[in-house]
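Notes follow the structure.
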Amino acid sequence: MAKQDYYEILGVSKTAEEREIKKAYKRLAMKYHPDRNQGDKEAEAKFKEIKEAYEVLTDSQKRAAYDQYGHAAFEQGGMGGGGFGGGADFSDIFGDVFGDIFGGGRGRQRAARGADLRYNMELTLEEAVRGVTKEIRIPTLEECDVCHGSGAKPGTQPQTCPTCHGSGQVQMRQGFFAVQQTCPHCQGRGTLIKDPCNKCHGHGRVERSKTLSVKIPAGVDTGDRIRLAGEGEAGEHGAPAGDLYVQVQVKQHPIFEREGNNLYCEVPINFAMAALGGEIEVPTLDGRVKLKVPGETQTGKLFRMRGKGVKSVRGGAQGDLLCRVVVETPVGLNEKQKQLLQELQESFGGPTGEHNSPRSKSFFDGVKKFFDDLTR
């Protein structure tokens, strides 16, 4: 029975470049791999064909011979009749694909980078707006100062793992397929510590608390995060340290509310000032300032004081302070005050005075119309 053309087996043209051949091989090998088709003889035979075609077409000398003579170039035993031996570089083809599937992966496992740490910092609004420097104390893992992170007793060195010979990987055969797995002896590090450090017991790190000075820039707000590079936990066996992230939480203020770079506050005034107008003092983060209140001011009126808010943490313009007026109803009136208010109300023409209380008139006119419509 005539053998199928190698190019046809891989589904590539005769002018295909090596990267196209590798791509086609990877796709087909994954599809017909024996571990994915256990007990399927056809898939097993197909996989052998794919492997054989790949070995020929990725070897420049064998490919040239095949292009000139076809399968006859290898009929005298040049290919050795199939099987899984030969020169196919499976670590190159499957290192990233099958590494996760079969627990392998290429190369020695790198020592793990230190873990990142998080510190929640609570600030007052004044501290957040102006900026502040604070000292914090955090528990962490630091590099052992005796072995300097190696884990080995001073005067000794980590030894090359005899199982994987320093590669961190061991090769396992599963049917027709050879896969690499993390060395169980050294856990992928490629080295073993025969004489561990007495202080860190071979870990290369020790538990310790450290104090840091953290500069908080002006303008930060709840949810902002400040990164201190390299201030997290020390890495394993000399690997880089992680980072420390300071998470900002701004306390609720008794007077001001913050929205972005603007501040809001409520300013209570009595109804006489609301009607006649006047001048009051309002608080800001820099002290008290005077605010002119025009006559006939209603509850909810906003007065904007430009530049009295928060400076952006990213630079640029400063926010504003917005004062919301709340007109207070007087309480604890004496008889004389009640009499004066009664006279004032009568001068308005009653509770729905049309001229002096236009909103009241509009409201009661609407109520009257509503009930009139119901009775029709």
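Quick reminder: no glycine exception, Cβ is built from N, Cα and C everywhere.
If you draw a 10 Å sphere around the CB of Cys144 (Zn(2+) 1 binding site), it holds 22 other CB atoms from the protein chains shown. Under the heading Zn(2+) 1 binding site, Swiss-Prot lists Cys144, Cys147, Cys197, Cys200, citing sequence analysis as support.
Per Swiss-Prot, Zn(2+) 2 binding site is recorded for Cys161, Cys164, Cys183, Cys186. For the recorded site, Cys183 (Zn(2+) 2 binding site), the DSSP three-state label reads coil.
Taken from Swiss-Prot, the feature domain 'J' covers 5-70, and the record attributes it to sequence analysis.
Across the range of the repeat 'CXXCXGXG motif' (144-151), the DSSP-based residue counts are 0 helix, 0 strand, 8 coil. The annotation repeat 'CXXCXGXG motif' is assigned in Swiss-Prot to 144-151 (among others).
What Swiss-Prot records for 161-168 (among others) is repeat 'CXXCXGXG motif'.
Residues or ranges marked as repeat 'CXXCXGXG motif' by Swiss-Prot: 183-190 (among others).
Residues or ranges marked as repeat 'CXXCXGXG motif' by Swiss-Prot: 197-204 (among others). Below 8 angstroms of C-beta separation, residues 143-147, 149-154, 234, 236-238 of the same chain, each at least six residues beyond the ends of the repeat 'CXXCXGXG motif' (197-204), sit close to that stretch.
Mean pLDDT of the predicted structure over the zinc finger (131-209): 86. Under the heading zinc finger, Swiss-Prot lists 131-209.
Sequence-distant contacts of the repeat 'CXXCXGXG motif' (144-151) (same chain, six or more residues past either end, CB-CB distance under 8 Å): 157-158, 193, 196-200, 202-206, 234-235, 237-238. Compute the center of the Cβ atoms of Cys161, Cys164, Cys183, Cys186, which mark the site for Zn(2+) 2; besides them, the chain residues with Cβ within 8 Å of that center are Pro162, Thr163, His165, Gly166, Ser167, Gly168, Gln169, Val170, Pro184, His185, Gln187, Gly188, Arg189, Gly190, Thr191, Leu192. For the recorded site, Cys200 (Zn(2+) 1 binding site), the DSSP three-state label reads coil. Recorded residues Cys183 (Zn(2+) 2 binding site) and Cys197 (Zn(2+) 1 binding site) have their alpha carbons 23 Å apart, per Cα-Cα distance.
Cys186 (Zn(2+) 2 binding site) and Cys147 (Zn(2+) 1 binding site) have their C-alpha atoms 19 Å apart, to the nearest angstrom.
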